[in-house]
Each structure stands twice: as C-alpha cells, then as structure tokens.
Amino acid sequence: MKPVANARTTDRIPLEKIAESKLPTPFAEFRITVYRAPDEKEHVVIALGDLSGEPPLVRVHSECLTGDALFSLRCDCGFQLHAALSRIAEAGRGAVLYLRQEGRGIGLGNKIRAYALQDTGRDTVEANHQLGFPADAREYGLAVDLLRQMNLPRIRLMTNNPRKLDALTADGIEVTERVPVESGLNPHNEAYLRAKANKLGHWLTLP
Ligand SMILES: Nc1nc2c(ncn2[C@@H]2O[C@H](COP(=O)(O)OP(=O)(O)OP(=O)(O)O)[C@@H](O)[C@H]2O)c(=O)[nH]1
Ligand SMILES: [Zn+2]
C-alpha cells in the first residue's frame, strides 16, 4: 500500500504540542502528549517505546465518549481502544492518535440525536443524513500532521475502515500493513456494525 503520487505536502494544519507526561495504565506505562489545533481542540497521542526504525503499530481513533469512557455497547469503539492499547503493550511499542472528532465528526449531541433516530429504525448512515450531515464528516489531515510531527511516515495501521486507510495513504503516509481490529460484537451493536460493513465498506466479519 504505497502512498499515491499527488500526496498533499504543503497545506498542513498547524498543531501545537502543548504538554507531555507519563500515563500509567493497566496495559503499560505510556507517554501522553497533547496537541492543540487552531480551533482549540486538544488532540492526544498515547505512545509506547521507541517508534523509530521498523513501522510501529498505530491506531487512529476517533473520539467516542459513550463507547470509550461510558461503557456503551452501541458501538465497538471502547473495545477497539482496549484492543489497540493491549496490542501496543504486547508489542512494546506503538501509538494511539486520539482525535477529537466525536460522532464521526458531528459532535456528541448530534450523535445522540442520531442514536435516537436509530432507536426508531434508521441505520447509522440514514440517521446522519436525516440530521443533514454526511455519513462520515471526519477528515484525517490532522492524523497525517501528527504522524509527520512524530516522524512516522511508515506505520502498521490498526483499522477496519477503508476510508481511513485511503485518506492516510492519499496524504503520503505509507501503511505497510493493515492490522484488523475487530472486537466487541454484541447484540446491541450488531445492526450498527452490519450497516458499517454494508454501507460504509468496513472490513468486518459478521455472523
Ligand atoms: N454519527 C454517528 N457517529 C457514531 C455512531 N456510532 C459511533 N459513532 C462515532 O464513530 C466514530 C468511530 O467510527 P468507526 O467508523 O466506528 O470507526 P473508525 O475509527 O472509523 O474505524 P476503525 O478504525 O475500523 O475502528 C466515533 O467518533 C464514534 O463517536 C453513530 O451511530 N452515529
Ligand atoms: Zn463508539
């Protein structure tokens, strides 16, 4: 998976590194670094070990307050975050880029509105459309900028999302391997994961 020739190299989003410390977790003792974007959003990198040399494992994770912090079973985000941190700890090196793009970029309140619509029978894509948003409003320039700042042009990307992989590759990041991160299937998120596979093309193996 080589980067495409017309990779964007100049119009980068300036991200300011504003703080760094140790972050002990049940998985390992990570380094946490906070970057501030021009819109004042604070994005986070959690990293472990020496990231130079062989392409490290990287997860580009979009914020999901309900799944990542509040144990929601409606999605697979929290499970994927755990799986990513656990695999990085096992490997002894790697990073999670935690992007503040809640609700696929539409924000928390709108995501909960979309959940309410899904409770009345819409799927995740139809719900976004009904609220006047695209199916996925995220952009990955931020992730590319962070990877450049971290001097990580070559990575092993943990994802099931073809759009994410394409966006990073198109912007000059070489993804040497796509590492699947399928976890957390349960009765509450099965229809959601099926819609992601069928409508958004995610690489998911579902029963
Ligand atoms: N708008 C909306 N956002 C959702 C919904 N469920 C989860 N999200 C958000 O979707 C984002 C996660 O996107 P996913 O497509 O599951 O995962 P991904 O990170 O793009 O792909 P993977 O790398 O394969 O995990 C997070 O920002 C969640 O808050 C939903 O029903 N509607
Ligand atoms: Zn989620």
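Note: Cβ is positioned from N, Cα and C throughout, glycine not excepted.
Keep in mind that TrEMBL annotations are predicted by a computer and have not been checked by a curator.
Annotated features, as they stand in TrEMBL:
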type     : residues                                                                                 : note
DOMAIN   : 17-180                                                                                   : domain 'GTP cyclohydrolase II'
BINDING  : ARG59, VAL60, HIS61, SER62, GLU63, GLN80, GLU102, GLY103, ARG104, THR124, THR159, LYS164 : GTP binding site
BINDING  : CYS64, CYS75, CYS77                                                                      : Zn(2+) binding site
ACT_SITE : ASP136                                                                                   : active site, proton acceptor
ACT_SITE : ARG138                                                                                   : active site, nucleophile
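What TrEMBL annotates, mapped onto the structure for a quick look.
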residue: ARG59; record: GTP binding site; Cβ neighbours (10 Å): 24
residue: HIS61; record: GTP binding site; Cβ neighbours (10 Å): 23
residue: GLU63; record: GTP binding site; Cβ neighbours (10 Å): 23
residue: CYS64; record: Zn(2+) binding site; Cβ neighbours (10 Å): 23
residue: CYS75; record: Zn(2+) binding site; Cβ neighbours (10 Å): 21
residue: CYS77; record: Zn(2+) binding site; Cβ neighbours (10 Å): 20
residue: GLU102; record: GTP binding site; Cβ neighbours (10 Å): 20
residue: ARG104; record: GTP binding site; Cβ neighbours (10 Å): 22
residue: ARG138; record: active site, nucleophile; Cβ neighbours (10 Å): 20
residue: THR159; record: GTP binding site; Cβ neighbours (10 Å): 22
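CYS64 (Zn(2+) binding site) sits 15 Å from THR159 (GTP binding site), taking the Cα positions as reference. All chains included, 19 other C-beta atoms sit within 10 angstroms of the C-beta of the residue listed as 'active site, proton acceptor'. In this structure, the recorded positions that sit close to ligand 2, with a C-beta under 6 angstroms from any of its atoms, are CYS64, CYS75, CYS77, chosen from ARG59, CYS64, CYS75, CYS77, ARG138. CYS77 (Zn(2+) binding site) falls within a helix when secondary structure is assigned with DSSP. Candidates GLU102, ARG104, ARG138 (recorded positions) were compared with CYS77 (Zn(2+) binding site); none lies inside 10 Å Cα-Cα. Between the C-alpha atoms of ASP136 (active site, proton acceptor) and HIS61 (GTP binding site), the distance comes to 14 Å. Per-residue pLDDT, averaged over the domain 'GTP cyclohydrolase II' (17-180), rounds to 97. Proximity of the recorded positions (ARG104, ASP136, ARG138) to ligand 1: a Cβ under 6 Å from the molecule is found for ARG104. Listed in sequence order, the residues THR66, GLY67, ASP68, SER72, ARG74, ASP76, GLY78, GLN80 complete the 8 Å Cβ shell around the Zn(2+) site centroid, once CYS64, CYS75, CYS77 themselves are left out. Taken residue by residue with DSSP, the residue listed as 'active site, proton acceptor' is part of neither helix nor strand, so it is coil.
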